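One structure is given here, and the rest of the page talks about it.
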C-alpha cells in the first residue's frame, strides 16, 4: 500500500512538472525541448493507469499539433504523434479524432512524418476492419478523404490518393464507392495526383508480376547450395549472413505458396458511369498539355473503358489514328490502345479508316520485316474484336503475305488467316479456308449488332450420345418364333455391353390421352412375345423389351423378365406424337447412324447380319442422320432434362475441341498449334510485338544443341577394326598402350637420328620390300 501511494505521488510530481514545462514551451513552440519530449512519452506510457487524472491529456497534445504543426520542430512533432498513437493503441482516444488530425498533418513539409502517418493510417483502418467491416467509420473517413482530394495542398491530396489505393490493394476498402472516389482524382489539377489515379486503374498484370518474381528467385542461390557451401567452405560472417537471408527467403516463399490466393475484381468494372468517365478523360486529354507519357496513360485508361464496357466514343479513333506511324515513339502501345478500344458494337465505318491507315503505314514492303509483322499482328488483334471491319479485298491482299520471304511476316499473315477461318471463312479465298471442320460448318456469321442467343447449351448433344453409346439398330429382321414360324420385326435396337434389347413397332402408338385398344395390344403381344427368346440367343441378350402389359396388370405389380414396353415411332407424322420413349429410341437410331459413317467397315453387327441366313438387313446410315437440326434438338433435350454437372461441361468442352479438328465428312485433320485466345478483356502488348525470329542462343543452349547433334555420331578416337576381337594386335598398336618409360629410348633415338642412320634404315626397308615380292 505504501509503495502504491509512493508511486501515485511520484506520478503527480512528474505530471505537475510536465504542466509547467508545457507552459514554458508554449512561449517558444518552434524550439526543441528535450525535457518535454521525455515527459510526453513517459505520461503516454503510464496513462492507462491513471485515466481520471489524464482525461484531458490526449486533447492537450492534439491542440498543440492543431495549432503549431507548421512551426514545430520536426523531432518534437514526431514525438507528439508517437504519443498520440500510443494512446490510440490503449483505446484512450477515438480513431476518428486522431485520423482527422493526421490527415491535416499531411500538409506539413516533413517527408518522414508524412510517411510515418501514412503507415499508421493504413494499419489503423485495416485493424478496425479486421473482424468485420465498420461501415459507419468507413463512410466518415471516405467522405473526409473525398474532401482531401480537392485540397489546395498537392502533397496532402497525393497522400490521400495513395492511402485509398493501398487500402484497396489490401482488400480493406474494395467497394465501388472507393473506386469512384479515386476516379475523381483523374481530373485533379495536380499532375502527380492524376498520374497516381491513372496508374491505379491501369494496375499491373499479376502474371507479369509472377514471372518477375520467378526470375528474381532464379538468380538467387538455393538453400541447399548455400548449406553445402557453408559445410565445405571456410565459415565466414558473409556466408553466415547469406545463409540466414536464404533461409528467410525460403520461409517467406513457402508462406506465399500456402496462403490462399486473393482475387481482386478489376477496378474498371466498378465504375458507376464509365461512359461519362471516358468522355471527361478524352475532353481533358484534348484541352490539357501534358507530357507524352501522361497522354499515353490517359489513352490506355480510355481504351480499357471502351473495351470492357463496350462504349461509344467515336472521336477517340481519329485521335489515335494520327499517331500510327512506324517512327512514332511508343507506337506499339498506340496499336495496343487501338485494339483494346475495338469491340463488336463499334460501327465498322468508324474503325475502317484506322485499319486502312495501319495497313498503309505498316504493311508495305518499304518497311522492315519487323514493322510489317507488328502491323499484321495489330490488324489481327483489331479484327479479333471487330471482325466486320475487314473487307474481302483487303483480307485477300493481306493473306498473300503468307508466302513472304521473312518468317516473321509470314507467320503474322498466317495467324490472320487462321483467325478468319474460325470467324468469317467466306471472306477468304477458297484455297485459304482449309478443310472445313464440323465447328466451321456450324458457324454462323453475325451481322452488325446481331446477337446469337441460343435456347440450349451448345454441344450438349454429346451427353445423350454418351448415354446411348454402344447401341446398334437393325431394320427389317427376319426371325423364328417358338413354334417355328417365320416372322419379321421392323426395328430392333440392342446394346452388346448391357445385353439389353428393344423391339420397335412403328404402327404402335400412344396418344396423349388415349390408350392402345385391348385387341391391338393382345395381337401385338402375341406376335412379339414368342420371338423374344430368338433374339436373346442370337445376340446373347439378357432382356428384350417391347409391348407392355395393360395398366391394370401393371398396377398389380407384376414385373417379369419378359415385360414389354410400348414405344411409339413418329416417322410417319410431322411431330404430332411426342412420347419420351419414342424420342429416346429415335436418338439411339441417330447416334448409331452417325457412327455408322465412321466405323462401317469395323461394325461387328453388320458382319453378323450378313452372315445370317434369315434375310435381315442392317439400317443404312443416312447422310442427313446427324444434321444440324437434329443436333440442336438433341442439345435442347439434354439441356432441359437435368441440371448439368462439372463432368458434363468437361464432356461438352471436349466435344467442341473435337469438332475443331474433325473434318465434316472425312476423318480428323492434323491439329494446329495451340494458340491462346487473344480475345480477352485486355490486349497484351506481347501479342502485337510478337515477332517470329530465330533468337540468339546463349552458351548453355549452344552446348545442348551441339550434344543433340552428336547423339548418333561415332565416338571420336581410335576404332578397333579387327573382325575377331580376340586376335593379336600389331607391335605398333601395342606400343600405344605401353608406358612412356618403356618406349622412351626408342622415341629418343627416332627423333635424333643422323643422316647416315636414316640411309641405313631406308636401305633395310627397301631390301625387306624386295624379299616380300
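Don't overthink the numbers, they just go from 1 along the chain as shown.
Backbone N, Cα and C atoms are what each Cβ position is placed from, and that goes for glycine too.
Unlike curated records, TrEMBL annotations are generated automatically.
Listed in TrEMBL for this protein:
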DOMAIN    42-405  domain 'SDA1 N-terminal'
REGION    206-225  region 'Disordered'
COMPBIAS  548-565  compositional bias 'Acidic residues'
REGION    548-631  region 'Disordered'
DOMAIN    560-709  domain 'SDA1 middle'
COMPBIAS  573-584  compositional bias 'Acidic residues'
COMPBIAS  592-623  compositional bias 'Basic and acidic residues'
REGION    660-755  region 'Disordered'
COMPBIAS  670-679  compositional bias 'Basic and acidic residues'
COMPBIAS  700-723  compositional bias 'Basic and acidic residues'
DOMAIN    727-772  domain 'SDA1 C-terminal'
COMPBIAS  732-753  compositional bias 'Basic residues'
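Computed over the domain 'SDA1 N-terminal' (42-405), the whole-number mean pLDDT of the model equals 84. Same-chain residues lying 6+ beyond the ends of the compositional bias 'Basic and acidic residues' (700-723) with a Cβ under 8 Å from its Cβ atoms: 729, 736. Per DSSP, the secondary structure of the compositional bias 'Basic and acidic residues' (700-723) breaks down as 10 helix, 0 strand, 14 coil.
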